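First up is the structure itself, then whatever we jot down about it.
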Amino acid sequence: MADAPTYIRQSTTGTATTAPTTMPVHPDTTYYKTTTTTVSDAPRAIADVNDDNHDNYDETTGLRSGEKKTRPLVTSTTAPIDAGRMTLGQKISRWTRIGSDLAREALAEFLGSFILIVFGNGVVAQVVLSRGAHGNFLSINIGYGLAVAFGVYIAGGISGGHLNPAVSLAFAALGKLPWRKLPVYMFAQYAGCICASAIVHAIYYDALNNYDGGNRTRGDTWQSTAGIHASYPQEFLYWQTGLADQIFATSFLMIGILALTDNRNTGPPGGVVPILVGCLVMAIGLAYGFNCGYPINPARDMGPRLFTLMAGWGSRTFSNYNPYIFNDYYQRIPYWFWIPVVGPHLGALLGAAIYFFFIGNHWPTLHRNVLELQVGHRDNSDDIELLAAKSRRPIEVVTTTETTRERRT
């Protein structure tokens, strides 16, 4: 038998609220009529439904209104929510919400990269400006590992939490990120790092003046203070070794990221991945941080370096010239700035290729029965087909912006 109809007010955002039975028509609101039908063994129940909807028979579709789940009563192209009844929080949310997925992802990458530098370089500033009294190289490694983890936690649900142009490039090469999004991701990452460097500089401005007397170009201190923001090589390092350092260190980073996010592998639950990526960065720093400070991220190095160029350190931040270090230092690496940019991009591509050819391309046809996938931005169609074939049961796929989940039905 048919229950009394209720009216549902539907907004363009997908939220719905139940309206009174007597429908108050608002010109900027779309209402839908729904009828709840209870089916029993009594023939009268079905007859009631047919009789109740006899007058609403649609000859075009051949269906009665009672056979439809919803029927629009009032339509409008204007705002679906009555602005007069919105709370302040709802109004702010409505005014500030961005409709473009790419713009939201760019904001997420900006904020994640900002968090990475504001914590990571903040630790470096504390160690350098206190002359080691408030930390050491281990503190820097731990601080950067935690900074990476928090940055990925913040941005991961929206953009994947790359925070690194080299990682974004590798994901694009693997087909996990559309190429059209790559320039936007990179721009957001560089912008976030530059802004974060400005915050670190402002917070430690007085301590910096106390350290170098306000002279950013002083020969015996400029590189140590500029090194708060960007990487600089040891005086014994040749450019060939520095480039190899960045290529291989970043390839290790990319191999680890792909292993952690590959659901066919023995990866962790999705919520643990940012912590393990932070541990991976910390391990790279502990193993390969001596030569040049393991930038392994073009935005992390070039963004703050651009800030130091504008904030008083001058062109030395790019030329690497320092007369206070023995004479052949400048001849060994006359221009260091390009190595932490080119090296990580090459290294990320190398790491992606290594993982693909050694691991990713060799999974058995029917891998273990994975009931839930949480991988961010990648196509899971192959996994879904394999799981359905193995279980011999249909698979219902629920797709959202951030994750793709599959379960048995």
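Cβ coordinates are placed from backbone N, Cα and C, and glycine is handled just like the others.
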Annotated region 'Disordered' segment (source Swiss-Prot; candidates 1-24, 217-240, 385-408): 1-24
Contact call for the transmembrane segment (184-204) against the transmembrane segment (110-130), three or more Cβ pairs under 8 Å: yes
Cβ packing number for Asn215 (N-linked glycosylation site), 10 Å threshold: 12
Winner by Cβ pairs under 8 Å against the transmembrane segment (339-359), considering only 138-158, 241-261, 270-290: 241-261
Folded-back contacts onto the transmembrane segment (110-130), same chain, C-beta under 8 angstroms, at least six residues removed: 136-137, 139-140, 142-144, 146-148, 150-152, 154-156, 159, 161-163, 188-193, 195-197, 199-200, 203-204, 207-208, 210-211, 224-225, 227-229, 299-300, 303-304
